[in-house]
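Trainee: Structure in structure tokens, see below.
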Amino acid sequence: MNDIWWQTIGEGDCHLVLLHGWGLNAQVWDCITPQLASHFTLHLVDLPGYGRSGGFGAMSLEAMAQRVLEQAPPQAVWLGWSLGGLVASQVAIMRPERVQALVTVASSPCFAARDDWPGIKPEVLAGFQQQLSDDFQRTVERFLALQTMGTESARQDARALKQAVLSLPMPSAEALNGGLEILRTVDLRQALVRLPMPFLRLYGRLDGLVPRKIVPLLDDLWPESESILFDKAAHAPFVSHPAAFCEPLLALKTRLG
């Protein structure tokens, strides 16, 4: 069985596993690892099929979560961005005793819009799947541009994300398609209602992929969780506002003792 790429850096008895989003890899965290590494032992992961974790095709959300768990420390804070937020959430559902706290970033338990739920139109996600087979690299680049749109530093932020993608092998079309299928079909809203661990949700007000309308809906659905909305950030708040992004993570660590 292939191992997934996993790097451990930093110091501190609190372990923090960082899971990236669709199409990307662990390089996206470069802008915050210096701030966090003096407080946490960081676990930087390329999800199966992405970056340096080649040799994986399309996987279900459960299979991806299980694969990451196999290499993870016995206990950690799990932080997932976008698609990575679904993987971290699935880990918390499957093995709650291994998750000290769950942090989701610009993520939704249900990315696709439903009758009663704001999200990405399913036909947009299906369109991305179609475009992937036509023009792989351009589709990924379009998706990256969408993630930073609207912020004051949009161009620079998109460049940082693009650099993270281009610096490593491109994910396979199968892995990318599998990730879009997860975004199109998964709905964890009810499964996350009774999580036993602290649950922190971070959002960008200008996010074009995860609408801010879901924030109060999830505040009602998960009253035990805490939400923070970064006013001038879009889908990648850790890239546009690294210092502000790290503050709630350090506060969470203090609370966990």
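Positions of Cβ are set from backbone N, Cα and C atoms, glycine also.
According to Swiss-Prot, the record shows the following:
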ACT_SITE  Ser82  active site, nucleophile
ACT_SITE  Asp207  active site
ACT_SITE  His235  active site
BINDING   Trp22, Ser82, Leu83, Phe143, Leu144, Ala145, Leu146, Gln147, His235  substrate binding site
DOMAIN    15-241  domain 'AB hydrolase-1'
Trainee: Does anything in the same chain, at least 6 positions from Leu144 (substrate binding site), have a Cβ under 8 Å from its Cβ, and if so what?
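Mentor: Same-chain residues close to Leu144 (substrate binding site) (Cβ under 8 Å, separated by 6 or more) are Gly23, Ala158, Leu161, Lys162, Val165.
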Trainee: The record lists Trp22, Ser82, Leu83, Phe143, Leu144, Ala145, Leu146, Gln147, His235 as binding substrate. What's the largest Cα to Cα distance among them, in Å, rounded to a whole number?
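Mentor: Pairwise Cα check on Trp22, Ser82, Leu83, Phe143, Leu144, Ala145, Leu146, Gln147, His235 gives a maximum of 17 Å.
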Trainee: Near Leu146 (substrate binding site), which residues of its chain come within a Cβ-Cβ distance under 8 Å, counting only those 6 or more away in sequence?
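Mentor: When sequence neighbours closer than 6 are ignored, Leu146 (substrate binding site) has Gly208, Leu209, His235 within Cβ distance under 8 Å.
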Trainee: Rounded to an integer, what is the Cα-Cα distance in Å between Leu83 (substrate binding site) and Asp207 (active site)?
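Mentor: Leu83 (substrate binding site) and Asp207 (active site) have their Cα atoms 14 Å apart.
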Trainee: How big is the gap, in Å, between the Cα of Trp22 (substrate binding site) and that of Ser82 (active site, nucleophile), rounded to a whole number?
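Mentor: Rounded to the nearest whole number, the Cα-Cα distance is 7 Å.
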Trainee: Tell me the Cβ contacts of Asp207 (active site) under 8 Å, same chain only and six or more apart in sequence, or just say none.
Mentor: Ala106, Ala233, Ala234, His235
Trainee: Can you tell which of Trp22, His235 has the least company, meaning the fewest other C-beta atoms within 10 angstroms of its C-beta, among these recorded positions?
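Mentor: Counting other Cβ atoms within 10 Å of each of the recorded positions Trp22, His235, the minimum falls on Trp22.
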Trainee: Just how many other Cβ atoms lie inside 10 Å of the Cβ on Leu83 (substrate binding site)?
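Mentor: Around the Cβ of Leu83 (substrate binding site), 25 other Cβ atoms lie within 10 Å.
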Trainee: Across all chains shown, how many C-beta atoms besides its own are within 10 angstroms of the C-beta of the residue listed as 'active site, nucleophile'?
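Mentor: There are 28 such Cβ atoms around the residue listed as 'active site, nucleophile'.
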Trainee: In the predicted model, what is the mean pLDDT computed over the domain 'AB hydrolase-1' (15-241)?
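Mentor: Average per-residue pLDDT within the domain 'AB hydrolase-1' (15-241): 95.
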